[in-house]
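*Asks:* Before I ask anything, let me first share the structure, which is written out below as C-alpha cells.
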Amino acid sequence: MQHTVDIQAIESKLNFTFSHPRLLITALTHSSYRNEFPSAEEDSERLEFLGDAVLGLVVTEHLFLLFPALNEGLLSTTRAALVNAEACFEYTQKLSLGEHLLIGRGEKMQSHRGKISAYANLFEAILGAVYLDGGLSPARQIIVPLLPDKESILPLMLVNPKNRLQQFTQQTLKVLPSYKALPWKSEDGSPGYHVQVFVNGDLWGEGFAGSKKEAEKLAAKQALSTHDNKN
C-alpha cells in the first residue's frame, strides 16, 4: 500500500513552501520504495547528489565568513565534520523529517547505521529539492540554523590530530608539517600506507594503516605525543 505525503507538515518544518510539490515527493522517495511501488516515478538519488553540493557550499560559505583567519586545511576538516552522514542524520532528527521518508518495508528493518545513511540522504535530497524550487537562499535559511554555534564549532577543528599538530607547529615554530606516504603491507599482506610526518626536515612521527588518511592521523598523533607536552 502506497503512503500519502503530508506536504504541508513538511513545509511547516522547513519554513518553506514548494511551488512544485512533486520535487518534495521525489526527495522523500527512497530507492527501495520505488522498487516496491514502480508507480513512483523517480527516487531521491539525483536530488541527493545535488543537495550534497548545496550543503557543502552553504557550510563552506558559513565557515568562511565566521572564521576569517582560518586556513584552508582547518576550514576543510571542519566542514567535513558538519556535512558527514552523522551530521546530516542529526539535522534530519532536529527537523523531525525522518517520519516522512518513503522507504521500502525491507529497508525499515536495517541497522542503526542503515538508518543514519537513509536519514542523511533524505536531508540532502530535500535540500536539493528546495534549491531547485527556490534557489540557494531558502536552502541557506534551512541549513544555517541547524549548524552549531561558533563556540561549539571550534573544538571540531582540534578533533583531528593533523589539525592539532598543524596548530602546534604554527604556534611554536611558525612552520607547517609535511607528510610522506610510502606503500606498506600489514602482517596479513593487506596493502596500506606507511606515512612519515616531518617538521623542519626532521621526522616527528610515523603511522601505519590501510588508508593514507588514517596513517596520516596516526603519524600526527605520534608526533604530538612526543613533542607537545600538553598531550
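Residue 1 is the first one shown; counting continues down the chain.
Backbone N, Cα and C define each Cβ position, glycine as well.
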*Asks:* Out of Glu48, Glu61, Glu72, Glu187, which one does Swiss-Prot list together with Asn121, Glu124 for Mg(2+)?
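*Replies:* Candidate in the recorded Mg(2+) site: Glu48.
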*Asks:* Can you check what DSSP calls Asp52 (active site), collapsed to helix, strand or coil?
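*Replies:* DSSP assigns Asp52 (active site) to helix.
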*Asks:* Quick one: which residues besides Glu48, Asn121, Glu124 have a Cβ within 8 Å of the Mg(2+) site's Cβ centroid, in sequence order?
*Replies:* Ser44, Glu45, Leu47, Phe49, Gly51, Asp52, Cys88, Ala120, Leu122, Phe123, Ala125, Gly128
*Asks:* Could you please provide the mean pLDDT value for the domain 'RNase III' (7-135)?
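*Replies:* Per the prediction, mean pLDDT sits at 89 for the domain 'RNase III' (7-135).
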*Asks:* Neighbour count first, Cβ atoms within 10 Å, every protein chain included; then name which of Glu48, Asp52, Glu124 tops the list of recorded positions.
*Replies:* Glu124
*Asks:* Given a separation of at least six residues and a C-beta threshold under 8 Å, show me what packs close to Asn121 (Mg(2+) binding site) in the same chain.
*Replies:* His30, Ser44, Glu48, Cys88
*Asks:* Cα-Cα separation of Glu124 (Mg(2+) binding site) and Asp52 (active site), in Å?
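*Replies:* Between the alpha carbons of Glu124 (Mg(2+) binding site) and Asp52 (active site) there are 5 Å.
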